[in-house]
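These come from Swiss-Prot:
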- 228-237: compositional bias 'Basic and acidic residues' (COMPBIAS)
- 225-253: region 'Disordered' (REGION)
- 39-59: transmembrane segment (TRANSMEM)
- 61-81: transmembrane segment (TRANSMEM)
- 96-116: transmembrane segment (TRANSMEM)
- 121-141: transmembrane segment (TRANSMEM)
- 148-168: transmembrane segment (TRANSMEM)
- 184-204: transmembrane segment (TRANSMEM)
- 339-359: transmembrane segment (TRANSMEM)
- 383-403: transmembrane segment (TRANSMEM)
Amino acid sequence: MCRGDSPGVAGGSGEHCLGGDDGDDGRPRLACVGAIARGFAHLWLQAATLGFVGSVVLSRGPYADAMSGAFVIGSTGLGFLRAPPAFARPPTRVCAWLRLVGGGAAVALWSLGEAGAPPGVPGPATQCLALGAAYAALLVLADDVHPLFLLAPRPLFVGTLGVVVGGLTIGGSARYWWIDPRAAAALTAAVVAGLGTTAAGDSFSKACPRHRRFCVVSAVESPPPRYAPEDAERPTDHGPLLPSTHHQRSPRVCGDGAARPENIWVPVVTFAGALALAACAARGSDAAPSGPVLPLWPQVFVGGHAAAGLTELCQTLAPRDLTDPLLFAYVGFQVVNHGLMFVVPDIAVYAMLGGAVWISLTQVLGLRRRLHKDPDAGPWAAATLRGLFFSVYALGFAAGVLVRPRMAASRRSG
């Protein structure tokens, strides 16, 4: 598909796609576009699978609470797990196989029925297999987005966020489809079989080296680009060379304070606190004759995303970085919100949950801006960014579990 006509240029930039006169101007050829599109489709499918398992399979059955807790805690922890680029391929391949085997076994047990479990309701063995498949899918997904989260050009990073957010949202909303359990099992089987034992990196690697470098998706197979990241969107202009960071660990976490503890843990801790308050509200309304607990949670979750998008637009127009000022504003908002808990507790819970979604995504985007300016940040910084992003959705699934039983009861009564 590709050949090189300038072997002396660093980074293999002389390699270009065959098939036209436009191979030298950086425009992707059809084969490369197809490979990259398949890679992003794979990202979306993995995220949708993770959302589906987290919201449907694990939130039913006699051990739903324990399994949901294991899913949330495990997903949050695995999201922060470092994946060194030099050793990422073999574990990813193993996880892809585990995802297929565990997911297939879970679907088989779910369809055939487990001893002692009602029809259509997963038993403990099914839930354990599904949990293992979810963990494996998360590890593969985390490895696939690792280079895209760290040094990818801004449009590609935003596209990656959109693809993963879309997949997680589609999968997480499966509880509201109200499809027959057999249809749900068939859909899950199709997704598991479609993913197979491959990862998005397998599709990305089929693009030519020039376009792999342009998309910064070959970091799991080769050293990171040694060019200034601000020039990454101009494939024909390489910019100044930077010191190589491959096969060596940076002595610092990241530069310019990009991984300050308050930037990472305040959103996660406040989200966990919001969930605790939501759980108290759920327990307090158990005796209610009708109506779901937290009926507006999906709208609040989407509203948090919309607020993060508007904040990012304001950041684009602002002359300085707003990441830290927004964090302090959020802390002040929480102080006021705690006072509202004694006056309008329902609104305060929603405000706390929506604010947690907003500040978490805002901090992800802010941290990524800082990491993009510091290519010597190291894999721990990318893992921190990635983990915070996945934590938003792991905790979002936990909030959704509080909604589902009451909504199901409300639907049956209607």
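Yeah, the Cβs are placed from backbone N, Cα and C, and that goes for glycine too.
For the transmembrane segment (61-81), the residues of the chain that approach it from at least six positions outside its boundaries are 50, 53-54, 117, 121-124, 126-128, 131, 134-135, 138-139, 142, 268, 383-384, 386-391, 393-395, 397-398, 401, judged by C-beta separation under 8 angstroms. When each of 39-59, 96-116, 184-204 is checked for Cβ pairs under 8 Å to the transmembrane segment (383-403), 39-59 comes out on top.
Just going by CB pairs under 8 A, the stretch in 39-59, 121-141, 184-204, 339-359 that sits most against the transmembrane segment (148-168) is 39-59. Cβ atoms under 8 Å from those of the transmembrane segment (184-204) belong to residues 35-36, 38-40, 42-43, 45-46, 48-49, 52-53, 56-57, 89, 92-93, 96-97, 99-100, 103-104, 107, 110-111, 133, 137, 140-141, 143-144, 174, 212, 215, 217-218, 220-221 of the same chain, restricted to positions at least 6 beyond its ends.
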